[in-house]
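Here's the structure, in C-alpha cells; my notes come after.
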Amino acid sequence: MTASRALKTIDDLEEAGLIAGTRNAQLSDVAARYAIAVTPAMAALIDPGDPNDPIARQFIPDAAELVRLPQERADPIGDTAHSPVEGIVHRYPDRVLLKAVHVCPVYCRFCFRREMVGPQGLGTLASQAMDRAFAYIADHPEIWEVILTGGDPLVLSPRRLASVMERLAAIDHVKIVRFHTRVPVAEPERVDAAMIAALKASGKTTYLALHANHPRELTMDARAACGRLVDAGIVMVSQSVLLKGVNDDPDTLAALMRAFVENRIKPYYLHHPDLAPGTSHFRLTIEEGQALVASLRGRVSGLCQPAYVLDIPGGHGKTVISASTIADNGGGCYTVADFHGETHAYPPLVTD
Ligand SMILES: *Cc1c(COP(=O)(O)O)cnc(C)c1O
Ligand code: SF4
C-alpha cells in the first residue's frame, strides 16, 4: 500500500497495516516518549507479512524501546559537553556541528539523539540563536568545516538552506560544508533543483553524508535523487549504523556498500550503535561487529570498505574499532593477517 503522507501515530501505522498483531498499551508508552514518522517511500518498502522486515525494524516502534539499561544515556555521545553556544558542538579543532533543526523526515528507533529530536525535542534554532552560532563560527578561524546535522537539515526549505549557505559563504575560513541527511532515501522527491541549488555556495565545497542502513533503502527514486546531487558537483559519502536484525550479516553489508559505490557514494562510516536509551535490541557486541567488518575485506572492493567507528561516550569523539591485523613482535618484526585470516611475518623471514 502507498501512503500519501508520513505516518506519525500508532493509529496511522495500524491503519496502514504496519503494526503486527494486536496493538498493546506498551506501544502507546513508546509513542509518548519517542517521535514516530515513516515517510511514504519508507512505508512502501516494508513487507507487512515479514515479522523481521529490516525496514520495519528501523522505523516501526517496538515495546523493547521501553527497556532501559543502566549504561544507556540521554546524550550518548556527549554533545552537551562540547556545546559553547546553542546549536554548535565543537569537539574537534577544525570542525563544528551546526544543529539548526531537531526534526527528521523519519524517526529511527535506534537514533542516538532520540531524546533531542522530534516534536517534543529541541525544535529549530531561533533566529537570535542562529546569529550567535554564526558569530561563533566567524570568530573561530580554526573552523575549516561546518557539519549541518540535527535532526535532518534537509527538512529545511530551500530558501532557509540557501540563507544558511549564504551566511557560511561570507566566512572565509570555512571551506567545507557537510550535510548529514536521510532525505535522499526517506523523501527523495524533496531533492529537486531548488534544494540542490540551495546546498551550494560559491567558494565552498559541499559534501553530503547519506544515512542508509539497508540496500533496499536505495530505491530507484533514491538512486535518482543521489544522481542529481552528484551530477550537481556535491560529493557524497555514506554513513550507516551496524544494527542487529537490519544489516548484521556479511551479504547485507556487502550489498549495502556496493549499492553506495554504484551510486557514486563513497562508504565513509559504519557506526557501532550508541548507548541511546531503549536501543539494546539493536546492539551487537564489538567482537561481532569486528568479525562482520573483517568479512568485507577481500570479499568486496576496497572502494566498499567503510571505517568501523565508535563514538566514545562522554564526548571524547570517534575512534576506529576494527580488529587489528598486525601484531608487533618487537625488533621491527610484525605478524600480519591476510583477508583469509592467515598470518605472515613482516618483513618476510629470510628463509621464505
Ligand atoms: C562525528 C562528529 C564530527 C565529524 O567527525 P568526522 O570524523 O570528521 O566525520 C564532528 N564533530 C562532532 C561533535 C561529531 O560528533
Ligand atoms: S535521521 Fe538521524 S537524527 Fe533523525 S531519527 Fe534517524 S538517526 Fe536520529
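In case you wondered, yes, glycine gets a Cβ from its N, Cα and C as well.
As written in TrEMBL, here are the features:
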DOMAIN    90-313  domain 'Radical SAM core'
BINDING   C104, C108, C111  [4Fe-4S] cluster binding site
MOD_RES   K318  N6-(pyridoxal phosphate)lysine
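Straight-line distance linking the Cα atoms of K318 (N6-(pyridoxal phosphate)lysine) and C111 ([4Fe-4S] cluster binding site), rounded to a whole number, equals 17 Å. Of all the recorded positions listed (C104, C108, C111, K318), K318 has the fewest other CB atoms within 10 A of its CB. Classification of C111 ([4Fe-4S] cluster binding site) by DSSP places it in coil, neither helical nor stranded.
Averaged over the domain 'Radical SAM core' (90-313), the predicted model reaches a pLDDT of 97. Proximity of the recorded positions C104, C111, K318 to ligand 2, judged by a Cβ distance under 6 angstroms to any of its atoms, singles out C104, C111 in sequence order.
Under 6 Å, Cβ to nearest atom of ligand 1: this is the test, and of the recorded positions C104, C108, C111, K318 it is passed by K318. Taking the mean position of the Cβ atoms of C104, C108, C111 as the [4Fe-4S] cluster site, the remaining same-chain residues with a Cβ inside 8 Å of that point are A35, V106, Y107, R109, F110, R113, R114, V117, R182.
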